[in-house]
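Below is one structure, written out as structure tokens; comments come after it.
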């Protein structure tokens, strides 16, 4: 049994999802959003860091999956997203978690079976796979999808040895 944290980073809303990976699949543990409000960027990043740290302390995951930054049309938005990712990654690294990064396409492929799935399709598959009766918030749904992607990827890597994945700066590059 392994607890996995998924993070969908954002400078205003960071989604999180925790799943328990067992021999029979994944089970829902918790999900939600860290809302940072509209303060100064450094204050919002501190809220992300503290929020992720609290989730780790509360649930005790041993590994974390996080979405990679995509190139946005607005460079300022991409920079802020990258900084929010950094705050979440530092919180996980401080807690000693194994950290892996996934592109949005990888997450969609792992959960919905196609890298071109829309958010609604991903949410419906998350609900189906985790047997949820209510729709989670969209950012929480994305984070649960990242956790499921990480669980699936870990399962396929373990028989081959995690050594097949490249390590850079303490993070798995898959």
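Even glycines carry a Cβ here, placed using N, Cα and C.
Per Swiss-Prot, the features are as follows:
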ACT_SITE  8  active site
ACT_SITE  67  active site
ACT_SITE  139  active site
BINDING   8, 139  Mg(2+) 1 binding site
BINDING   67  Mg(2+) 2 binding site
What is the number of other Cβ atoms found within 10 Å of the Cβ of residue 8 (active site)?
28
Express the distance between the Cα positions of residue 67 (active site) and residue 8 (active site) as a whole number of Å.
6
Compute the C-alpha separation of residue 8 (active site) from residue 139 (active site), stating it in Å without decimals.
6
Once the DSSP letters are reduced so that anything not helix or strand counts as coil, what is residue 8 (active site)?
strand
